[in-house]
């Protein structure tokens, strides 16, 4: 019988090494100081030094990796107290919504993949935003013509019903141990005392200043005195603290009914230049949906993730499934290896564009798309030695007629990813977003930005008279590329991974899995590796890296090549018999921190730290 009170164990295990030159480039360098007053803790600094040295972090019992050191440290403290991965996620997400508001927050949505160690089972929770009940397929059309993308994004029209708060509470209700009020306190304290604006946040504000100036609340927060907030400035958010206090006391209903909900609706409908259709009924009716994980076989592993309305697990699974019979051991600097990966991705994206949408609204051949025989047949197209001249959707097995037109929706790169393994053996992979950087550019009275997730729908409802699967419909969830992933072997997790990055998320995650499983890279090396991504025919190679040298060989194979920034934000944790090995993407500000857990050490001492109260005993 395990105890019902825990002892706080602050000891953290971190690996560090001398700094090495990094190949990966980023428009905004990873921050060197983020905590209040500008100084990182020793734990966070050690983790950052490990990342800069290209070395993974190692720990025996628990680990968290996310996009900002303040969020990671807060989550690590929860895990050290004996909290579960779900507990730590609530804390990490609450802090990320404050210190990385351009990427995720209470006004957005998320997908969560959960491995339950007690049951030895995987499941997923869908916290995706939904279209208002008043929406229709012409939402992004004016006079029968598609709106320009930016005209649709900025304002209330693009705002879907937020799902992140409901997902936080749902996951906690199912899998959490500690009180929600305790889990939200670090973000409340930080919002009230202030935090130092990170280089990435400051640069993001400066780049988007013109659009952020369009709403008074957004402008006042990010552009004080009319100028973009500066790196290192102390930023406080008292409305956000008040919102979190309301959630701590009133639960999810405090967000989806009452004053907070009314403030969201008033903000969406009251933006005169581009008002939206969100109403109180949309918020009150919102529900998280539990869905079975989608898994695809790759080598000796099962690669599992979020099914529809996410296209992530299906498309990652299709890429890997097509490559199952090919030898990729020559590595990323071999043009033929890149050809195989690139054309497998192109074929997967062709299926994605034709078939993938919210399966609650659209009949989908989910099982057929990752069927081994189907993927083997698709892989026959890869047996040449040059780029495919063209790709087309396949015909997966299904018991419905498949008569859909190809989708033309756009996903912009933003978002954030959280990977956590707790001391009970549970694993969590969660990708969280407000879609584009700063979402709709509308800030609710509660101090959080609102998403522009509805622009992930197709702006067209039909093509050549044939309906598009991912068209807007009332209550529907837009298709996503978010790919929170847990790789399984013999029924147990061996890798927890995910990334932001728009529709390139799929390529980032697939490449990192290949690097780790096929090329034997440790998780940090797999995340450090330069990107090569092909979705629709053009091969994107990461600028400022050695992969620029592949432009010539790929051009000779028949590809159009584009050298550009590829700003992923991968966070990964490897699970081994000896413990956990974690990494964080050098292109962003995140870190991984790990340590000992109270239960794993068999401790039975009573906690003497205020607030460290177990709501439910941990699962056996």
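A Cβ is built for glycine as well, from the same backbone N, Cα and C atoms used for every other residue.
Pulled from TrEMBL:
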{"type": "SIGNAL", "residues": "1-21", "note": "signal peptide"}
{"type": "BINDING", "residues": "128, 456, 480, 481, 502", "note": "L-glutamate binding site"}
{"type": "ACT_SITE", "residues": "415", "note": "active site, nucleophile"}
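Taking the C-alpha atom of the residue listed as 'active site, nucleophile' as reference, the shortest distance to any of the binding-site residues 128, 480, 481, 502 belongs to 502. Residue 480 (L-glutamate binding site) falls within a strand segment according to DSSP.
Across the residues the record lists as binding L-glutamate (128, 456, 480, 481, 502), the two Cα atoms farthest apart are 15 Å from each other. Residue 415 (active site, nucleophile) has a Cβ environment of 29 other Cβ atoms inside 10 Å. Take the CB of residue 481 (L-glutamate binding site) and look out to 10 A: across all protein chains shown you find 29 other CB atoms.
Take the CB of residue 480 (L-glutamate binding site) and look out to 10 A: across all protein chains shown you find 30 other CB atoms.
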